[in-house]
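Here is what TrEMBL says about this protein:
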- 1-59: domain 'HTH myb-type' (DOMAIN)
- 3-55: domain 'Myb-like' (DOMAIN)
- 56-106: domain 'Myb-like' (DOMAIN)
- 60-110: domain 'HTH myb-type' (DOMAIN)
Amino acid sequence: MESLGVRKGAWTQEEDVLLRKCIEKYGEGKWHLVPLRAGLNRCRKSCRLRWLNYLKPDIKRGEFALDEVDLMIRLHNLLGNRWSLIAGRLPGRTANDVKNYRHSHHFKKEVQFQEEG
């Protein structure tokens with residue numbers, strides 16, 4: 001079973017370096033081979049998510065621009081909670097970042113509405 005003896009919790013800088021080097025050498029994909037190739041004691045899902053959500057070089061960090069928020073709202077109204085599809089239309093944004101922004105933004109609006117009501 002893949003999860004036996006696999007490290008969990010926060011990633012170290014050393015693990016990040018190993019994962020980056022592995023992706024540079026072999027490219028993205030074949031995630032089932034990444035832990036072995038990189039010398040990581042992590043499961044393939046953890047490696048994939050770490051890369052896609054934190055380490056991938058083209059990830060856009062920082063606040064969402066107004067045009068991004070507008071597009072995100074329109075796409076969410078059209079597609080619902082299909083975060084990967086929405087993120088695909090927002091270059092450099094991850095599905096996880098889009099989902100987290102949407103949930104925190106929606107939550108803030110609900111709290112504000114309740115306080116005013």
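Note that Cβ sites are derived from N, Cα and C of the backbone, with glycine treated the same way.
Because TrEMBL annotations are produced automatically, they should be read as predictions rather than curated entries.
Residues of the domain 'Myb-like' (3-55) grouped by DSSP class, helix first, strand second and coil last, total 31 helix, 0 strand, 22 coil. Per-class residue totals from DSSP over the domain 'HTH myb-type' (60-110), listed helix then strand then coil: 36 helix, 0 strand, 15 coil.
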